[in-house]
Amino acid sequence: MAASLDYKPGDIPLEEQDDRRLFCKYHYKGALLLFIPILLAPILIGTPVLICRFIYLTLCLYLIYILNLMARGAAAFIYMVFIPIAGIASSKEISVSYYTDLIFFVYSGIFMGIMMDSSKLSERLAYIVISLVGGSLKFLQIFLTIAAAIVSILVNPTISAAFWMKISQAVMVEYDTAGLIKLNSEEKPYEVGAKPYPTRPVIGIYLTCCYAASLAASLSPIVNPNGVISDGFGGSLKVLEIAMLMAGPALLGLVVMIFWLQVLFLGLLGGSVKRDLAEMAGAKAGFKQAAAERKQALGPWGIYPILALSLILLMFVLVATRKPRIFTGWDSINHKAESGLSVAGIGMSILFFAIPANYIFCRYYVCRQPEKEGPANSLLSWKAVNNNTPWAEIFMLGAAFSFSYSSSACGLNTYLADSMSSDTKAFNMKNFICGALLGTLWTTLSPATTVAKLALPTMVTAGNSFSLPFATALHNQFLLPVSSPANTIIAGWGNVRPFQFLLGGSILALFMFCTIAGFTILFRTTVL
């Protein structure tokens, strides 16, 4: 049997083996890549033609993505190739739709996280977290839920998920070193040399970061998508009204999220995970002391982590005060052009690359002699960025942005809105349910902020019975890595696969669908 460790580009991509029973395990993906486009081909004979072509491409793309049939970074460009061929939009338009303001903001969150690792800021903050929660995964999950929710409400869910993900990764490494958990599973990655898959407890902690951030953002009057949803209704639906409507579902959702992730990934109700964790529980005795000693070995805070933390806090302030909706932000200084989130995020990222980590003049900033005088690397190097950025997940997020644009360009949004239009302004339960279902589906396939910008203005023309549940359902973004930028970052850094998001988000998405729809019915006459 050929050793996979000796694999080089151009070699046989899988181990040679004579067991024919493993054929389906290794080769079903190639078969499905052929059969899925063929089986779905009858959709192409339907009308309206452009809409059917778009539905066909969307089903092919997302099935390939969810089933992991080919490299995600390559599958992400299916829209870019076939949308122009299908006559839905030009290549220039579809290319622009991939690279939005929001995707550059995602880059800035990733740059921030990589800087945290480079400066060992994530390790230092992880030791503070460990001093609070000890070696308990359950206490760690509850702490991360509260911490990610606070930063998400006050700043932004994408930044919150990136910040706490890096800290949680550092905590997981410490737990693994101490023998409290096993960080990586024994499952062999399909691609030779790929990053190993995390174990179930680790997945549960990682998902907590993005799910808590998304849930908390739904009740914030400061961050999107609430602000964009308000704009979609022409300002008649205020951000404070959206926050009031979402308060109940979001708070209940946090409780359900904690319970469900503990059941599924942390062994709350027993199973193999609980048995494995119980076997490792003996390592907890001296864990806090050992962690304190490793923290002591890091030494005092130097200029590198101090500068990194200072710039991150400044980034938080700039993002939070850009366009907070409840008071005038710095974006309103220039009335001629809007300054998106990328202005604050990428602007701070430039400083990450520009400011040296231990330069001679830094001693004047902190009134102390640097350990080594002379030139030094910047706070963030491009080599670290290139090696630690989840490019494939970001490309797939670009495809999700393109979904929202293409659904509008092919006329699908208009077609659906016209189908739900009603001559009467009276409440229509059928339209309400359809709006809630469509909103959940759209935000599963594309981030809520993008859907609210591109699809909601069209859906509003169908009346409040359809558009209001569609808008509130956009907060139900838990089923795929591309459902929100926060999910994308966690999936990329944590190597969490789409089907694991489907498992982790299934009960939460169902619960949120019911509670959001219920609260929307209760408060619909109050908010609109």
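Note: Cβ is positioned from N, Cα and C throughout, glycine not excepted.
Record features (TrEMBL):
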- 30-56: transmembrane segment (TRANSMEM)
- 62-86: transmembrane segment (TRANSMEM)
- 98-116: transmembrane segment (TRANSMEM)
- 128-155: transmembrane segment (TRANSMEM)
- 203-222: transmembrane segment (TRANSMEM)
- 242-270: transmembrane segment (TRANSMEM)
- 301-321: transmembrane segment (TRANSMEM)
- 341-362: transmembrane segment (TRANSMEM)
- 501-523: transmembrane segment (TRANSMEM)
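Residues 79-80, 122, 125, 158-159, 161-163, 165-167, 308, 311-312, 315, 340-342, 344-346, 348-349, 352, 379-380, 384-385, 388-390, 394, 397-399, 401-402, 447, 449-450, 485, 488-489, 492-493 of the same chain sit 6 or more residues outside the transmembrane segment (98-116) yet have a Cβ under 8 Å from a Cβ within it.
Contacts between the transmembrane segment (242-270) and the transmembrane segment (30-56): absent, as fewer than 3 C-beta pairs lie under 8 angstroms at sequence separation of six or more. Proximity of the transmembrane segment (128-155) to the transmembrane segment (301-321) is established through 3 or more Cβ-Cβ distances under 8 Å for residue pairs spaced 6 or more apart.
Among the recorded stretches 30-56, 203-222, 301-321, the one sharing the largest number of Cβ pairs closer than 8 Å with the transmembrane segment (501-523) is 203-222. Residues 63-64, 67, 69-70, 83, 86-88, 406-407, 410-412, 415 of the same chain, all 6+ positions outside the transmembrane segment (30-56), place their C-beta atoms under 8 angstroms from a C-beta of that stretch.
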